[in-house]
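Copied over from TrEMBL, here are the features:
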DOMAIN    7-299  domain 'FAD/NAD(P)-binding'
DOMAIN    467-515  domain 'BFD-like [2Fe-2S]-binding'
DOMAIN    607-668  domain 'Nitrite/Sulfite reductase ferredoxin-like'
DOMAIN    679-804  domain 'Nitrite/sulphite reductase 4Fe-4S'
DOMAIN    916-1016  domain 'Rieske-like [2Fe-2S]'
REGION    1056-1099  region 'Disordered'
COMPBIAS  1063-1072  compositional bias 'Basic residues'
COMPBIAS  1074-1084  compositional bias 'Basic and acidic residues'
COMPBIAS  1088-1099  compositional bias 'Gly residues'
Amino acid sequence: MAVGRKKIVVVGLGMVGISFIEKLLKLDARSREYNVVVVGEEPHLAYNRVGLTSFFEHRKIENLYLNPLEWYTAVPDGALSYHLNTKVTEIHPNRKTITCANGDEVSYDILVLATGSDAVLPKHTPGHDAKGVFVYRTVEDLEKLIAFSANQKGTVGAVVGGGLLGLEAAKAMMDLGCFEKVKVIERNRWVLSRQLDADAGGMVVEQVRSLGADVLLSKRVGRIEVTEDNSVKGVHFEDGEYMECSTICFAIGVRPRDELARQSGILCADRGGGIVVDDSLQTSHPDIYAIGECASWQGQTFGLIAPGVEMADVLTFNLTQSQHHQPRLYKRPDLSTKLKLLGVEVASFGDFFADRDGPKYLPAKAKKKPASPLSAVKVLTNGAPPAPVKALTYKDPFLNIYKKYIFSVDGKYLLGGMMIGDTSDYVKLVPLVKNQKELDVPPSQLILGAKKEGADDGDDLDDDTQICSCHNVTKADVVNTVKDGTCKSIGEVKSCTKAGTGCGGCMPLVTSIFNKTMKDMGNEVKNTICPHFNYSRADLYNIIMVKRLTTFQEVMKEAGVDPESIGCEACKPTLASIFASLWNKHVMDKPHHGLQETNDRYLGNIQRNGTYSVVPRVSAGEITPEKLVVIGEVARDYKLYTKITGGQRIDMFGAKKQDLIDIWKRLVDAGMESGHAYAKSLRTVKSCVGTTWCRYGIGDSVGMAVRLEERYKSLRAPHKIKGGVSGCVRECAEAQNKDFGLIATEKGFNIFVGGNGGAKPRHSELLAKDVPPTEVIPILDRYLMFYIRTADKLQRTARWLEALPGGLAYLRSVILDDSLGLNASLEAQMQELVDSFFDEWAEAINNPEIAAQFKQFANTTETVETMELDTDRGQLRPTFWPSDASAKEDFAGLSKTWSSLTWQPMLESSYFKGADDIPNGISAAVKRGDTQLALFRVKGKYYCTQQMCPHKRAFILSDGLVGTSSSSPSTGEAPYVSCPHHKRNYDLSNGACKNDSELSIATFEVEERDDGMVYVKLPPVEELDEKLGTKKWMVKSGEAGEGQLKELDRKLGLETPAGGNWKGHRAKKPGVKPHAENRMRRPVEVMAGGGGCGSAPDW
């Protein structure tokens, strides 16, 4: 045995024993803490005892094996050894060994008893030992029955017991074809009396009889009549009747095999037998456990496989996962069963006799205050009170279908039920009972079903429905531009209607409406990312990965429409994201910087006034006081507006580009990293406190969330990714509206995927249930990498999952079942990305070339404010934009109005070194007087424009992406710059706005001279400032009028003090005494006066 590994010995190689071994090997596969030795008494490998009846058809034990022989021998690294046909005779707890019948002694560190049970043979019944008497338990029992029955042609075979095993045995004897008749003897008034009520059991009796078997009810065997050679002749019943038969198979129950434990001094139950175990399944001796039918838990033993498998789950989890998760306790087992007996579908689930015996368990919300107990006399005269439940019954005698579902009195909780004939809803109903979740449908709907609703594709929306609130675009606006031929692509729809050019939140719906309209017209809907590529994002991702392309130019030559094209604002960020998610290079390196979307260009979210937000990573929302102090000092020193985000971290707004390096140096020196709030990547993994502090927690949600956020931080994806981990079903971390979310259960974590908030919220779906902590990361690795490989550009996981062919079922088959054989590749790729992590801000600080880019102007160290600031609740913020902030002057026409123009040196030409080798060229903001200008060099040519985008008067054009509308440069089309804020595209040659005809920008001639300077042909400074000066166009306080909430403040009776800081002063009036009695006089007076809206406060 490998040094350091513990040795687990399992006694018993039945269905529960092998289940324990399989689960342990799986959970221990990564850490390899244990080696397993299993000792089986039977000469066979573990086989399916539930499927014994099929043995009569094929007579091959190998067909019943749960795992082939190769499985046992293929377990790697000596983790499993097995011994068959070996009986364990003694346990020596003090020296931790067992002794076998062959004299071998085996040591153990942990001993697991899975000895099962024996079939009950009524030894008090005369004739029980006659020839022709059998039990129905093992393969050996069946082989004896088969051999004996071969010589009983034309006789009667009897089965004693009308339970699950009895009906199985009856089918087996009928299948033998040796008996003239098979009769089932049941002591109760119907069969399956432990699972079904009288109506359901009676229906089964009718169907069993229709299949050719006799069923004798309310019959008890008194004695077995035998011949002189002690062979079965017949049965005498206790009521005096007699029945001839040659063969009797007893199927009247099982008895736990506890004799080995009992004789070794391990505590066993006196009544009913069984090895006594606690909630952790430990016996009275340390390191000895019992599971399955041999175990007695809370005075109960279970003759079903499912409770034993659940025991194996609990024990293997605790042996392998307890250091990562709160240990599990064995709780109320699920005794639900679903079988096909003699061709009849039968199922029972939950508390299926709650209407007869009263509910064993009720959800807390369904419990009522107990009534006063009835006297014995009243119970005798009036009968017992009805159970606090209600039953809903459906019976179809024509199709032989019976369903009875039992609910709490208020109908909000399903408690249990039974089914005959149609059991298709079994898998849906069992979780409702087990989870005790409040129903969101009427009880009748569970039996009768619900009406199906239409697909959510926008087809049911009226034409005048507003789908873009930013620009008041209706559904009809989009549909009509497609139908009249104006728009043939999403990009053209955006240009024509402006839909999606504001916040962008409407784009999924706009896309859906566009696609459906195109299909309705019989047109092809292309999923290409832009006119420069005839491929989708997923196609390009695979091309880049397989061919190992690393630059925009390589991709354009390999897959672009024109190999010389410079691309556009759609394809550049898409390829930048793909490069980052494949090769993980710094996004500000020269080959990639010009491809980045607005926020990635300077590693921060650009704000309304051109400043940036600063968000350090706070994994799982856990932060030390020392780091909080540093954040506070930074925010104070740089006058940053500070807010707690929904993702449990701290956002600092208003950082100027030229201050970002210094700000982040202080944060990095304090041990903080980039939070990637600016990137299409993992943002946060939100958590509750879980077992760290919460008295309700059952999982270490903080610990798991920290591990997940630390693993996936900086991971670039088609869109942002958010996660959440809740420590219990109270779900305080809101994990079910995240791209991935975990909710702790007693068995591990439930993994949810494909959820999001935002413009179109979507609840996430359950991908995997009760996942052990050690298996969470491999599943999420595969899920995230599969999403990154296959999603469309800017597609959240919610929309991706909705569009994925086959939906969640397909995703499960890929991620959990490895149906595509990709799992090893997905996991390996994720591990490479994790191993290549670096902090982008730490690298930016330490890289002089990158750090040099953080300037407001390239030609001066002067700085200017670009928007006035107001104070709100004690903090500075940009003044509000007016309702129409646009400057709609003819800026492009200024070239004809200047009094004179002269060439002015603006910047050293060395600044633009290498510009011709990269697709976005190089740009710079420069200052002349009070005017800000934007300089560009793209494909060997210089351009100069005003720095201000007139749409919102933001001074940011030099940071925009450069592109062309045409896929081919041969058209001679000049490039345009796309405004970082709202994607207004301005022609760099003539200043015209390509997607908003009301806007334009001023342009100027540029040339590079031999003196190493770049010159711009400009008017006099005073004239330039008069038309384009910063002070003239910056948005100023008061332009937006009164604050958006001013009217509300008046209604509330709040007078906003200087600085707007009335927070914490709600309704504080002179003379208010907090501890005095509040007499509630006015509400009563209003009620007395007749009430009505007119008496209420004037809203």
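Heads up, the Cβ atoms here are built off N, Cα and C, so glycines get one too.
Where the annotation comes from TrEMBL, it is an automatic prediction and has not been curated.
Values in this document were obtained by computation on a predicted structure and should not be read as measured data.
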Contact call for the domain 'Nitrite/sulphite reductase 4Fe-4S' (679-804) against the domain 'Nitrite/Sulfite reductase ferredoxin-like' (607-668), three or more Cβ pairs under 8 Å: yes
Tally of DSSP helical, extended and coil residues in the domain 'Nitrite/sulphite reductase 4Fe-4S' (679-804): 43 helix, 35 strand, 48 coil
Confidence summary (mean pLDDT) of the domain 'Rieske-like [2Fe-2S]' (916-1016): 92
The domain 'Rieske-like [2Fe-2S]' (916-1016): DSSP-derived helix, strand, coil residue counts: 8 helix, 46 strand, 47 coil
